[in-house]
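Got a structure here, written out as structure tokens. Questions coming.
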Amino acid sequence: MFLSLLSPAVLGLFLLQLLPDPIQALTWQQPLGGDKILGSFFGLPGQDATYDYVVVGGGLAGLVTATRLAENGTFSVAVVEAGSFYEFTNSNKSQIPWYSESSVSDDPEGYINLLIDWGLVTTPQPQLNNRRIHYAQGKTLGGSSARNQMIYDRGSKGSYDYWAELVGDESYKWDNILPFFKRSMQFNPPNFGARGENATPSYDLEAYSADGGPLQVSYPNFAMPFGVYGVEAFKAAGLPQANGFSNGDLHGVDHNPFTIDPVSQLRSSSESTFLDHAINAGSPLTVYPMTQAMRILFNNNTRATGIHAHSSGMDWEIHARKEVILSAGVMHSPQLLMVSGIGPASTLHAHNITLIKDLPGVGQNMHDSCAIGGVIRQTNITNPLPITAETISTFRQNRTGILTNSGGDVLSFEKLPSQYRSHLSNTTQSQLAQWPSDWPEIELLPLNRGGPTDASTGSSIAILMTATLSRGNLTITSASMHDPPTLSPNWLLHPADQDLAIQAYRRARELWTFFPGVGVDIGPEEMSPGDNVTSDAQLLEYIRKQGVSGIHHASSTCMMGKAGEEGEGAVVDSKGRVFGVEGLRVVDASSFRFTPPGHTQAAT
């Protein structure tokens with residue numbers, strides 16, 4: 001990337017101050033596009049400027065949107081991003097897959113790198129014993145694609161057809177949206193020599209295009225040992241072999257692909273691909289890093305004309321000839337709307353904000369998947385130690401070994417099997433029936449456990465909820481973007497989610513019984529929740545106290561809907577245009593109708 005233009009001595013000294021361990025694996029490309037010099041791609045703080053489009057947020061959606069608008073050279077585009085470059089601010093913790101979430105903690109008092117994360121914390125959650133949980137959100141170029149676990153999958157066919165039905169726009173149907181999935185990424189088959197023959201995934205090449213990109217999707221050059229056994233045990237338990245998780249069918253089990261560059265085995269993010277590609281091509285793109293959008297500017301309270309920007313004590317305006325596009329994420333896009341005068345009238349009046357448009361759905365309808373813990377047992381599968389002189393040398397010299405893997409490389413999705421479904425209440429079964437028939441309800445992951453220096457032989461079947469009915473919300477605490485919003489995901493608040501969670505634990509326990517048949521010895525006692533946790537009430541209490549954690553797949557806080565549905569929570573139409581004003585769109589996960597099954601990176 002363009003950092004190769006820095007003096008090698010200066011760059012080296014800077015990196016030595018940042019890198020937390022001996023792997024200095026940064027690789028950069030020469031980025032000069034055409035006759036433009038590097039500085040041409042960055043805006044000057046404190047100086048008013050005008051562009052055709054102003055994109056607020058340089059994350060997953062923002063950089064894709066901005067670079068696509070600028071790629072033909074017709075439109076000038078500004079990207080306003082509160083963070084900087086994660087290669088500097090989080091170094092190996094972002095770039096090397098194994099470290100993918102080592103700097104993210106659910107504990108509000110744990111380590112949180114505020115240079116790449118907003119440090120948001122939920123309100124006390126009564127249904128979770130009043131726990132407050134850190135909700136990770138990317139604050140960097142690349143957004144959450146710079147700090148997530150890089151899992152790449154796509155929602156089910158039925159979920160997108162359902163989306164199209166709800167918003168009245170057939171462009172969201174699976175057959176119509178698949179070409180755009182294909183266009184955005186380049187699929188790379190696994191390196192079988194590095195992974196081993198017993199970790200060979202299946203994939204559907206029809207789900208990809210040879211002309212796609214620039215995002216890179218591939219497999220790690222290492223397979224986690226317990227995951228290899230997990231694939232076979234889960235299949236013995238009745239789960240089918242999945243076929244890549246990208247062809248619209250999520251059901252089944254297999255090793256999953258990641259947004260990892262197949263050559264460097266480093267993270268492939270929207271910054272390292274879309275932004276880097278745009279700079280190399282000399283696109284008319286201007287980036288304002290470390291700059292926060294404080295307020296949307298309007299002409300006569302009807303048309304968005306730009307934003308008020310702030311950085312390092314400087315304030316200025318960035319104007320848009322055509323549109324302002326919010327891609328600030330599921331928490332900050334609704335916050336920016338509200339402090340700018342668009343949102344629930346009562347909330348805005350309470351903070352003395354001039355009302356531009358009363359849209360009660362802004363900040364509401366938060367839809368999120370969540371993790372609910374898992375079943376842990378002792379096995380004879382020793383967890384590999386990732387941080388040793390040998391593994392570091394292997395990664396640096398060959399780009400192989402455990403450091404190429406983020407730790408969870410096997411996915412499985414399913415509807416709750418009938419023997420457990422029969423224990424759900426009739427009400428829960430009826431409510432779950434609202435989802436399309438191909439929408440899986442639970443995700444089960446066979447995971448090695450242990451830290452960088454812990455060779456523990458404990459392993460887990462982790463449980464994720466993918467068909468949740470609980471809805472959360474967020475709101476502003478002041479009229480300033482400097483003050484974080486209050487957010488309440490309300491995980492497990494809905495009785496149907498609680499009902500499903502209990503039976504998901506019973507299913508995970510059953511899956512453990514199939515591991516001896518594939519060669520895994522299991523200890524006599526369950527480590528967690530424990531053999532004494534058996535009743536529905538005991539399981540639910542365990543989940544509430546320590547099971548639930550965020551997986552950061554929230555959506556719909558600026559929910560998409562049809563014209564006339566503003567009173568029912570709709571904020572934008574199917575094109576992302578904010579109801580009631582002109583020249584303003586929301587293009588990120590906050591505009592989703594719902595969180596589709598699977599992981600939201602590809603959908604965003």
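Heads up, the Cβ atoms here are built off N, Cα and C, so glycines get one too.
TrEMBL: automatically predicted annotations, no manual curation.
Pulled from TrEMBL, these are the listed features:
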- His553: active site, proton donor (ACT_SITE)
- His599: active site, proton acceptor (ACT_SITE)
- 51-368: domain 'Glucose-methanol-choline oxidoreductase N-terminal' (DOMAIN)
- 470-603: domain 'Glucose-methanol-choline oxidoreductase C-terminal' (DOMAIN)
- 1-25: signal peptide (SIGNAL)
Count up the helix, strand and coil residues in the domain 'Glucose-methanol-choline oxidoreductase C-terminal' (470-603) according to DSSP, in that order.
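Computed counts for the domain 'Glucose-methanol-choline oxidoreductase C-terminal' (470-603) are 39 helix, 25 strand, 70 coil.
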What does the structure give for the C-alpha distance between His599 (active site, proton acceptor) and His553 (active site, proton donor)? Integer Å is fine.
7
Relative to the Cβ of the residue listed as 'active site, proton donor', which residues of the same chain, six or more apart in sequence, are found under 8 Å away?
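The answer is Asp368, Ser369, Thr595, His599, Thr600.
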How many neighbouring Cβ atoms, not counting its own, are there within 10 Å of the Cβ of His599 (active site, proton acceptor)?
27
Taking the domain 'Glucose-methanol-choline oxidoreductase C-terminal' (470-603) alone, what is its mean pLDDT?
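Averaged over the domain 'Glucose-methanol-choline oxidoreductase C-terminal' (470-603), per-residue pLDDT gives 97.
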